[in-house]
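Below is one structure, written out as structure tokens; comments come after it.
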Amino acid sequence: MTALQPYTIPSQDDRQSVLADKIKRLREERNAIILAHYYTVPEIQQVADVVGDSLALARAAETTDADVIVFAGVYFMGETAKILNPGKTVLMPDNSAGCPLADSCPADRFRSFREQYPDALVISYINSTAEIKAESDIICTSSNAVDIVSQIPSDKRIIFGPDRNLGSYVMQQLEREMILWQGFCYVHESYSWDVIETAVRQFPDAQLIAHPECRREVLDHADFVGSTGALLAYSQKSPADAFIVATEPGILYEMKKRSPEKSFIAAPKDIVSSQSVCSQMKQNTMENLCNCLETMAPQIVVDETLAAGALKSIRKMLEMSK
């Protein structure tokens, strides 16, 4: 296995600087706000107005007074922003940037699954389609899943989907059973303890921090488990000088930016598993971000009836996580 190296912030070339200036000008002209997830490339994060995890970005989308929302993320995120702001223009740099986790839970199959447990409350991860959100009672994110489930009476059955690893983590934290949909994020599923242990041996003083979408075998060895936002906050306040980070490596940019004196090592992936980079997030580029502001396309459109159903479960999440 190739020796791992701590993350360094990449330099910005002249073309990226020119694009950044043009994006900033177009943003002012359009009265737009640019929201970007931590997993996007550093250049995107540098020009964004808000960089955050799913919950932070949903809140930013809900409260903005901008006329145009540009969402650099994957499709369900732009869709959520449109559901929260039906009267605003919502753009995505590339609306073909989907989420395999969300796609692993088709609405018709999930509906049939739900019908097997008619008395169950449905809590769905925000990494899901508008159709699934409309089928759900409450939405959650990785940062508030434990808190939201903890507010449900212990005698109430819960269906949790689509991420089985996040669901399993919530079950372990609260010592309660839930009925899990068997979906997963291919990035986080790619981490195994056998491989990460090699990084731990290479960096014995580093803390292992992991996202709850990782498998249990990884979480059981982690010094801290949390959403991307929580991992970022922990890396800032922890006295540790080095961290092995088991989540999509886009977060390393913000970690290094906030704590330049610390070392951040992307956790190695299982060599027999899928890649540990979210290729869909990387479809957001400076070129297509600039182009979407220039052409005001592609725009996100959500059916009004579907949006109304999905809005109820999203609003419930926001109410329960204040």
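Including glycine, each Cβ sits where the backbone N, Cα and C put it.
Thr228 is the only one of Thr8, Thr89, Thr198, Thr228 that Swiss-Prot places in the iminosuccinate site (with His37, Ser54, Tyr125, Ile126, Asn127, Ser142, His211, Pro212, Glu213). Cα separation, Cys99 ([4Fe-4S] cluster binding site) to Asn127 (iminosuccinate binding site), rounded: 7 Å. A C-beta separation below 8 Å, combined with a sequence spacing of at least six in one chain, links His37 (iminosuccinate binding site) to Val51, Gly52, Asp53, Ser54, Leu57, Ala72, Gly73, Val74, Met77, Gly250, Met281.
For Cys99 ([4Fe-4S] cluster binding site), other Cβ atoms within 10 Å of its Cβ number 21.
Spacing of His211 (iminosuccinate binding site) relative to Cys185 ([4Fe-4S] cluster binding site) is 11 Å (Cα to Cα, whole number). The two recorded residues, Cys278 ([4Fe-4S] cluster binding site) and Glu213 (iminosuccinate binding site), show a Cα separation of 13 Å. Residues listed for iminosuccinate, His37, Ser54, Tyr125, Ile126, Asn127, Ser142, His211, Pro212, Glu213, Thr228, cover a largest CA to CA span of 17 Å. The C-beta environment of Cys185 ([4Fe-4S] cluster binding site), restricted to residues of the same chain at least 6 apart in sequence and closer than 8 Å, consists of Pro100, Leu101, Asn127, Asp163, Asn165, Glu213.
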